[in-house]
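Quick notes on the structure that follows.
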């Protein structure tokens with residue numbers, strides 16, 4: 001394992017391998033050195049150029065070379081087995097023929113031996129003889145089937161020279177000579193010569209072929225030696241192959257000796273010679289016999305058979321077949337014809353050459369092709385892996401660069417944000433302080449314009465930073481309790497001025513089924529709605545902007561769709577059919593989006609048309625940010641738009657019902673409940689109001705705001721309907737300005753009826769007027785009674801203030817935008833000791849001025865070290881505002897040291913030491929003040945021991961709202 005993963009270890013072992021003096025292995029080690037196989041653990045596999053140049057080329061070469069050798073081996077192995085099978089087949093066929101030839105020869109030999117016994121019994125054992133030539137020929141002819149390999153049988157009697165003359169007289173013929181030099185076979189048979197004088201003779205007396213009768217067997221060269229060996233051994237003997245008479249075919253003669261009587265097995269040769277009476281021989285025509293044998297086999301033509309007499313191994317005699325030498329495949333089978341002296345063999349070979357080993361060739365080529373294909377696939381795979389790894393490394397490098405660029409971008413944005421927000425904090429703070437001085441109308445207009453420009457710049461910075469957070473995936477959603485209705489009131493307050501300037505009707509409606517308090521991120525929901533309403537305000541020149549809130553289950557109800565039909569609108573102008581998009585939050589405008597531009601509405605930095613950014617302004621990322629925020633809150637956003645009619649933007653969000661009551665939620669961060677309305681509800685509880693409006697949806701909006709003030713509401717579509725109904729116990733009458741002007745002649749009658757039906761004071765009359773720019777709104781009197789005018793958009797706090805002025809209730813402070821009333825804030829932080837820490841002198845003045853405005857005692861520190869020294873227990877500070885980015889010691893480090901000092905003081909008090917300044921537990925609330933809204937997150941502040949943070953630039957309300965979370969509720973009284 002170490003060798004495989006560390007090339008240096010293998011280098012240390014290389015000398016051991018090379019010490020074997022094996023040149024082939026030495027070449028292999030040098031060729032495929034482990035140095036080329038060096039692999040690192042850290043992902044350094046195929047992609048390295050070094051590995052690609054050495055290891056991979058060697059592996060491919062080794063693979064191809066190995067499979068070439070393997071394919072050759074496969075060819076050799078299969079061809080070898082095919083040849084072995086062919087050789088085995090030839091051996092079986094040859095052995096089968098040799099066995100058949102040998103078996104039939106033995107049968108014939110046994111029959112010849114039987115004839116010898118027959119002759120001995122019936123010729124020599126009978127007197128006179130029971131056998132003559134005719135009888136012998138007839139018998140041998142009839143029994144020829146028992147000796148299928150013999151072509152003839154003859155019996156020669158032993159005749160001594162002294163008995164020759166008598167024998168010739170008895171037989172009637174002379175003994176003839178068988179072999180004569182210079183004479184052919186025909187002349188020998190037709191003109192035989194008399195046998196020369198010799199000690200003994202062996203004339204044939206019985207024969208299957210009569211023309212050989214009287215021939216002396218001892219005068220033939222082969223026959224003489226055969227006869228002599230036969231009588232000496234007492235066994236059947238064979239002659240060497242020779243040409244037979246007349247046929248000229250090769251043949252052999254099998255000779256048995258006929259004895260006068262049975263001899264013992266241990267008889268001597270002389271005893272056998274003395275007991276010899278004659279000789280019986282069988283002639284075997286080998287060529288014809290082998291042909292007959294092969295004719296019996298179906299596969300005669302498949303092999304070539306040769307039979308040899310190999311008595312003399314150096315000069316074998318061919319007995320059958322062509323004497324052709326061949327270097328091809330052949331097989332030798334031994335033949336045993338009973339003569340121990342004579343040796344015979346059968347040589348076999350196939351008649352045709354062996355066919356091409358196509359199976360071996362195809363198998364080897366197929367294996368090589370498969371191996372090459374696998375190698376190619378592996379090569380392609382490895383190349384793909386190399387490419388993927390190269391791409392991966394390139395992507396990782398690009399990712400690192402992108403991450404570094406993203407970090408640099410984030411750091412740049414944070415730095416730029418901090419550097420811009422820091423002076424902007426001073427600018428806006430000083431403008432706010434300037435507004436608190438005595439200014440004439442022109443000066444106030446200049447200051448307000450400067451404030452609006454500064455806030456617009458801060459809003460632009462926030463959008464760019466939000467987009468950066470979204471791209472980096474660092475944008476998080478909070479989960480706190482909040483009042484959605486109060487958030488919408490604040491948004492209406494922000495846009496009320498613009499709507500009045502443009503004469504656009506602006507309204508909000510929240511369904512009664514929406515819970516009073518919800519859990520979610522109010523800041524992000526506020527941002528989404530403000531983006532949608534801001535775009536609507538930009539692109540709407542006339543008509544209305546209407547925001548509605550419903551539960552999704554409500555939108556499934558057809559009644560809601562009927563109420564929000566295109567005809568029933570606030571301003572009477574047609575809108576896009578809202579049933580095409582039924583999500584919860586809706587904002588309608590009048591201009592509409594061109595069809596060709598609708599596909600890129602949610603694309604960052606994209607405008608509907610190029611001129612929009614110059615005419616209307618904006619960066620084009622508001623809707624993109626809104627879509628991302630909706631997605632983070634598990635919702636969807638969409639729109640339906642028709643040019644010159646209007647647009648309907650919708651989105652859904654998933655919020656949770658807040659299970660705690662409002663009192664427990666008051667101290668939660670970012671909560672904006674309608675708790676400021678609680679002291680006012682007692683003034684309106686039990687009152688009844690009559691709303692007169694020809695447009696049901698507009699009357700529904702008015703009823704929604706009145707019900708929030710605990711006022712019971714009756715509705716009438718016009719003044720005639722109101723006159724027909726009962727007008728008793730009506731405390732407030734609200735009519736739309738259009739209806740007041742249209743039915744002006746009926747209003748005196750209506751007022752008189754109200755006077756008659758009221759036992760107490762006359763009900764208060766209010767006219768709800770749409771904004772008409774800066775023109776003063778006036779209405780005609782009704783029977784000497786002039787109604788009060790309430791300018792839209794309606795908000796609960798504004799409506800409550802107007803009603804209170806009309807009914808003459810005691811003065812109760814209500815701050816605009818849902819904020820805390822000024823006297824309450826003064827009571828909250830009056831005489832509180834607050835330390836403000838910032839290295840920027842302008843920011844110190846802004847923060848100190850905002851707190852001093854409400855009676856706080858403010859001390860300033862220019863560095864973190866000074867703040868640590870001033871907050872070392874004991875001290876008299878009730879809270880501290882700490883800047884984060886400061887030289888020498890930042891706000892986080894300063895907070896940690898302050899918390900360490902407080903923990904040390906608390907530990908000493910727990911050990912029983914005297915309390916410091918009668919304080920039982922030291923924990924000074926510390927809030928971060930920072931312009932770095934990316935890095936200074938709420939979690940980071942809490943991690944270092946801070947209790948909250950406010951971002952720069954901030955208004956005075958931000959400061960004291962945060963402080964209010966740490967002071968006891970009893971101090972609000």
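Cβ atoms are placed via backbone N, Cα and C, with glycine included.
Residues 60-78 are the range that TrEMBL records as transmembrane segment, among 60-78, 79-97, 98-116. Here TrEMBL gives transmembrane segment for one range in the set 333-355, 356-378, 379-401, 402-424: that range is 356-378. Here the domain 'Response regulatory' (833-967) is broken down by DSSP into helix, strand and coil counts: 54 helix, 26 strand, 55 coil.
Beyond the ends of the transmembrane segment (60-78), by six or more residues, the same chain brings 32, 357, 359-361, 363-365, 367-368, 371-372, 375, 378-379 to within a C-beta distance below 8 angstroms of the stretch. Taking all protein chains in view, 28 other C-beta atoms sit within 10 angstroms of the C-beta of residue 883 (4-aspartylphosphate).
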